[in-house]
Each structure stands twice: as C-alpha cells, then as structure tokens.
Amino acid sequence: MTRLLGYVDPLDPYFVAAVLTIAFNPLFWNVVARWEQKTRKLSGAFGSPYLACYALGGAILFLNVLRSHCFTQAMLSQPRMDSLDNPVAYQVGLALLAVGSVLVLSSFFALGFTGTFLGDYFGILKEARVTTFPFNILDNPMYWGSTANYLGWAIMHASPAGLGLTAVVALIYVVAILYEEPFTAEIYRQKSSQFHKRS
C-alpha cells in the first residue's frame with residue numbers, strides 16, 4: 001500500500017478534480033431526487049414526471065462522462081507502475097472492464113431508463129422491485145459494475161492513481177447505497193400497502 005501511495009500525488013489538480021467529480025455525482029442525484037420526491041417541482045417545471053426524469057437522467061449521464069474524463073486525465077498525469085505494466089495485468093483489467101460493462105448494461109436493460117435514473121422518486125414505479133439478472137446475483141449491480149469498470153481501466157493503465165480513485169468510487173457508492181436503499185425500500189413498501197388497502 002505504501003508503495004502504491006508513493007506513485008500518487010493527491011494534490012495534483014487532475015486527481016483533485018477526479019475526486020470531486022466522484023464525490024459530487026451521487027450527492028447531486030440524491031439531493032435532486034429527494035427534493036423532487038418531496039416537492040414535485042421538477043415534474044411541475046417540465047410538465048411531466050417522465051420528462052423531468054429524462055432531464056435528470058441526461059444530467060447524470062453528462063456528469064458521469066465528466067467523471068470518467070477526470071478519472072482518465074488523473075491517471076495520465078501521474079506515473080505508471082512497472083509491476084502492473086505487463087500483458088497479464090492488462091488482460092485482467094480488460095476482463096474486469098468486460099464484467100463491469102455486462103453488469104452496467106444488463107442493469108440498465110432490466111430497469112429501463114426511468115428505473116435506472118431514479119424514476120421511483122418521480123412517482124414512476126415498477127410493479128415490484130426488479131429481481132431478474134443481474135439483480136438475482138448481486139445487489140446494486142450497476143454501482144459494482146461501474147466500480148469494476150474503473151478498476152479495470154486503472155489496471156489497464158498500470159495506474160496507482162487510478163487504483164486510489166477506484167477505492168474512492170467504491171467508498172462513495174457504499175455511502176450512496178446506505179443512503180438510498182432504505183428510502184427506495186420505503187417507497188415500494190408504501191406502494192404495496194396502498195395496493196393492499198385498495199384490494
């Protein structure tokens with residue numbers, strides 16, 4: 001660990017920008033989604049909860065592209081690690097990238113656009129929480145798929161800075177899960193309760 005840290009300059013502007021974008025993105029979408037769930041102001045402004053959800057989804061996609069750009073620039077601005085700079089490590093990184101991409105894409109197809117981008121906070125609920133692949137093998141597969149993508153990308157670049165930033169990604173996602181999971185469960189509990197009352 002000490003050896004890895006010797007390769008990383010945490011004060012490098014690109015590294016700082018990457019950390020800030022990694023931390024900001026889940027904070028942004030959770031604050032906006034909670035605000036919408038309480039006030040319905042976005043749905044009112046766009047005239048439809050679907051349009052509001054699409055707008056938030058577009059903003060999240062843009063922020064994720066920006067985060068990935070900052071992550072890559074932070075890696076390129078700092079030294080590579082010789083022991084990771086070999087064909088075997090590159091193939092491991094490529095495999096992680098493939099697994100991560102499968103998890104992210106299959107999650108998206110299982111949830112749909114509104115399910116992926118917090119539609120439940122806009123009142124756009126599915127009949128029940130999704131339990132098909134990849135949700136039947138892993139909780140929060142989109143978050144862990146994204147983490148695997150960053151880990152693979154870091155290994156492919158033989159980048160200690162990338163490995164450190166991947167740890168930040170994982171930590172931020174753990175915090176986001178702890179914040180989001182009880183709230184999402186409560187939304188579907190209320191839906192189920194209302195359904196049983198009508199029945």
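The backbone N, Cα and C atoms fix where each Cβ goes, glycine too.
Record features, source TrEMBL:
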BINDING   Ala98, Val99, Gly100, Glu180, Glu181  S-adenosyl-L-methionine binding site
INTRAMEM  13-33  intramembrane segment
TOPO_DOM  1-12  topological domain 'Lumenal'
TOPO_DOM  34-45  topological domain 'Lumenal'
TOPO_DOM  67-93  topological domain 'Cytoplasmic'
TOPO_DOM  115-157  topological domain 'Lumenal'
TOPO_DOM  179-199  topological domain 'Cytoplasmic'
TRANSMEM  12-29  transmembrane segment
TRANSMEM  49-67  transmembrane segment
TRANSMEM  88-113  transmembrane segment
TRANSMEM  150-179  transmembrane segment
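One residue stands out among the binding-site residues Ala98, Val99 for having the most other Cβ atoms within 10 Å of its Cβ: Val99.
Here the Cβ of Gly100 (S-adenosyl-L-methionine binding site) has 22 other Cβ atoms within 10 Å, regardless of which shown protein chain they belong to.
Around the Cβ of Glu180 (S-adenosyl-L-methionine binding site), a 10 Å sphere holds 20 further Cβ atoms from the protein chains shown. Sequence-distant contacts (6 or more apart, same chain, Cβ under 8 Å) of Glu181 (S-adenosyl-L-methionine binding site) do not exist in this structure. Mean pLDDT, taken over the topological domain 'Lumenal' (115-157), works out to 94 on the 0 to 100 scale.
Tertiary neighbourhood of the topological domain 'Lumenal' (34-45): same-chain residues 52, 55-56, 121-123, 183, 187, selected by CB-CB distance under 8 Å and a gap of 6+ residues from either end.
Residues Ala98, Val99, Gly100, Glu180, Glu181, recorded as contacting S-adenosyl-L-methionine, have a largest CA-CA distance of 27 Å. The DSSP breakdown of the topological domain 'Lumenal' (34-45), given as helix, strand and coil counts, is 11 helix, 0 strand, 1 coil.
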